[in-house]
Amino acid sequence: ASDPFNHPSRSSSSFILVGVPSLEAFPTCLGILFCSGYIIALVGNGIVLLVIGVDRSLRDPIHCFLGMLAVIDVVMVTSIIPKMLSIFWLNSTEIGYMACFVQMFLVHSTTSGESGVLLAMAVDRYIAICHPLRYQAILNRQKIAQIGLAIVVRALLFMVPLTGMVTNLPYCRSRVVPHSYCEHMAVAKLACTDPRPSGLYSVAGSSLIVGMDMAFIAVSYGMILKTVLGKKSCWKAFSTCGCHICVMLLYYIPGTVSIYAQQFGSGISMHVQVLLADLYLTLPTMLNPIVYSMRTKQIRQAVRKML
C-alpha cells in the first residue's frame, strides 16, 4: 500500500507510459514502424513547407492551407513519436507531470486544428471550382488570416477547459498510463475522483467539432461533384476528390472510433484502442503531403525545380 510507484501523492512529479499494452514484447518492431512513419511525415511535410516558402508563385489560398496543414502535422507527430521511440527502444517510460499535460494539450489541439484546416481546404476547392471568377475576391489574404486565426482559437477554446479539468483532478492512484502518449482519458482515469465530467466534455466537444466539420466537408464535395458532372473535368475532379475523401476517412474514422472507445468501449481490448489512437495521429500525417501536395501540379514542379 505504501509503494510510491502505484500510489503517488497528489504532487507526483511524473507518469509512466506503457507504450502499447499487451504488445510490450515487440518494442523493436513497433519502434521501426513508428520511426519510419515519423521520417516519412517529417520529410514529406518539410518538403512542402520548403517549396511553399521558397517559391513565391505558391502564395494562393490552397497552398497557404497546405502550409498550415504541414505545420500542424509536424507538431502533431513530433509531440508523440520521439517519446514513443524512447519507450520502445530505450525503455524510458517516465514522463514529467507538466510534460504529460503539455503533450496532451499539443496532441488534442492539433487534432482539432487539422480538422479545421481540412474543412478550409474543402471550402477552398468548392469556391475554386464552383465560383472561379470570385475565387480571389472571396479568399484574399485577410480572409485566409482570419480563417487561420479561427482554427487556432477554436482549438484553444476546446482544449484549455479540457486541460484545466484534467490537471485539476487529484491523482492518488497508480501513475501508470496504459497508453503510448498522454491521452486525456487514459490519464483522467487515474484520478481518485470521478473522471466522467472531463470525459463527457471531451466526447461532446469532439463530436461537435468532428460532426460539424464532416458535414460541411460532405456538402462542399457534394456541390463540387454536382457542378462538374457531365463536364470534361469530371473524371479529374472525381480522382482528386476521391483521394482527398479517402485521406479524410483515414483521419476521421479511427479518430471517432478512438474517442468513443476510450469513453464507452469497455469491451474493446486496450491495445486495439491504443493502436487506433496512434493510427489516426500518424497515418494522415504521412499521407497528407502525398495526396494534398505531391498531386498538385505546381508543387510537383516546384520540387523538381528545387532538386
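Cβ coordinates are placed from backbone N, Cα and C, and glycine is handled just like the others.
All annotation found in TrEMBL is predicted automatically rather than curated by experts.
Taken straight from TrEMBL:
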TRANSMEM  25-52  transmembrane segment
DOMAIN    44-292  domain 'G-protein coupled receptors family 1 profile'
TRANSMEM  64-89  transmembrane segment
TRANSMEM  95-123  transmembrane segment
TRANSMEM  144-166  transmembrane segment
TRANSMEM  203-225  transmembrane segment
TRANSMEM  237-254  transmembrane segment
TRANSMEM  274-294  transmembrane segment
Proximity verdict for the transmembrane segment (95-123) and the transmembrane segment (25-52), three or more C-beta pairs under 8 Å: no
Kindly say whether the transmembrane segment (64-89) and the transmembrane segment (274-294) touch, using the definition of 3 or more Cβ pairs under 8 Å where each pair is 6 or more positions apart. yes
Sort out the residues at least 6 away from either end of the transmembrane segment (274-294), same chain, that have Cβ-Cβ distances under 8 Å to it, and list them. 20-21, 34, 37-38, 40-41, 44-45, 47-48, 66, 69-70, 73-74, 76-77, 80-81, 84, 107, 111, 114, 121, 178-181, 183, 243-244, 246-247, 250-251, 253-255, 257-258, 261-262, 300, 303
Let me know the model's mean pLDDT on the domain 'G-protein coupled receptors family 1 profile' (44-292). 86
